[in-house]
Structure formats: C-alpha cells, structure tokens
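Undergrad: Structure below; questions to follow.
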C-alpha cells in the first residue's frame, strides 16, 4: 500500500469523525434547545399589544414576554403605584380626604377619566383609593396625592422613591393620574414587578380585586357613589374557560394606547399579565384588543 493511499484513508477517517461529532453536537443542541432557547419569547404577529409580560406569581418566575423592557407611556396603569404609595402613607382609611377642587377642574378640562365625585366632595381615603382603581378616577388619584403630600409634585416624589426602592430602572413618574407627560414612562415588566410587591398588601389586594364599590355618603351624593371596575365590565363579553381573572387595572391615552394589567388564576397558580401599547381607532370606540390579548394568553398557558 502506498503512502498516498494511507494518507487518503486517514483523511477519510478524520472527515467521518468530524462529521459524526458535528452530528452529535447538533442532535444534542436540538434536545437541549428548550433549556437554552428563549421559549418565553412571544410571536408579535399573534397579539395586538406591542409589549407583554406574563409572570407566574406563585412560582416567582417569568413565563412569557414581548418587548417587556421597552419604555412606554403607562396611562392609568400609573394609578397602581398611586394607590400603593397612598396605602404606604395612610394609616386610617376612614379618615376624611376631600376631593381637591383645583385638580378636579383641571381634569374635567382635559377630559380625563373620572369616578363621579365633585370638587370639595367629602370623601374618605378609602373612597379615593377605590375610586382611583376601579373606575380609574383622575380626581381620586390627584386628591389622594394632595391629601397625603400636600401637592401632586410632593406625592410624585414619593412614587419615584417607591420605584427606586423596587429597583425599577425603567420607570419614572411625573403625575399620579396617568395623563401623558413627556418624562413619564414605565415598562410591562416593571408594572408586573410593582404588582408583585403591591399585592402582598392586604388592602391593595382587596382594592385591586374588587368588582364594585359604594362610597360613603357625601355632601353631594347622600346615597354614595357606585363605582364599577373597568376591568370586570370590559370582560363581561368574554368567556373564561379554565382560568379566572381576579382583578386588574385598565389604562388608555393617545400615546399609551390600550393597556391592561391583571391578576389571574389557572390550575392553582396565580399569574400577572401586563399588555401595553394596543392600538385603537378612537377613545369613543377603542376596541378591546387588550382584553383579547389577555384572554388569549391565559388560554395558552
């Protein structure tokens, strides 16, 4: 046998060995793909929202995400932090906390969402907390701020301090009511992180999961003000098969689009689902893309 023939055989054996190794590596990678490949990433073409974050609250782990760290206008999802910050700075929720007249008039002029109270109405902290969360009342959010901190600006400082304590590097507040503001932003993931902590507070959990609330009798409303959650009214036309949405907060502005943050339960586990940046045609006929996305996500879990 010639030397050249021997070399050719060695080359063939070497080539076959390399091919075999490549094959083994590829097969191994394919089998291990679920452990290394970001399976939690979502296909944006299947959803209306531009940012989504799904968090398993029971097991404390991320489930699915889409542009979860993209800074976005939060709209009334801001009121999640407003209510939580107010609870951290309020000892007696039955204490009088009247509606601030000046901020009430300003919000009416801006066509902000309201709970139904009037300026200088004799409400309590509890009334304002439920009014800010359930019907997304701007007058309630701003009045909480002013009653607690003396001004909206002072209260916003408290909100930003809370965000800093939670290590929310992609969140900054400029007002407590959620109206679009140049330097007010958050992310879908940060909203979920806020909720993870806030839901540990018993009062917050009760407010966040309440379907309706009747305020105390006031000077303007002797029978009280009946308030319903915009989340539960928005969900009325949807079936929830195999899961239950326990509570949540809606938000809508021109720049934020349609937003929704919910707490849901499925197979004995609780989930936080945040969808943001759902497009809409008009405020009068916005559509329900945020609800459709949330329902779809829960069905797929």
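Just so it is clear, glycine is given a Cβ too, placed from its N, Cα and C backbone atoms.
What TrEMBL records for 46-278 is domain 'Peptidase S11 D-alanyl-D-alanine carboxypeptidase A N-terminal'. Look at TrEMBL and you will find 76 tagged as active site, acyl-ester intermediate. Positions annotated as active site, proton acceptor by TrEMBL: 79. Per TrEMBL, active site is recorded for 136. TrEMBL lists 249 with the feature substrate binding site.
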Undergrad: Could you tell me the mean pLDDT the prediction assigns to the domain 'Peptidase S11 D-alanyl-D-alanine carboxypeptidase A N-terminal' (46-278)?
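TA: The predicted confidence over the domain 'Peptidase S11 D-alanyl-D-alanine carboxypeptidase A N-terminal' (46-278), as a mean pLDDT, is 98.
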Undergrad: At the level of the C-alpha atoms, what whole-angstrom distance separates the residue listed as 'active site, proton acceptor' and residue 136 (active site)?
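TA: Approximately 8 Å lies between the Cα of the residue listed as 'active site, proton acceptor' and that of residue 136 (active site).
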Undergrad: Reported as an integer number of Å, what is the Cα distance between the residue listed as 'substrate binding site' and residue 136 (active site)?
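TA: With the alpha carbons as reference points, the distance is 8 Å.
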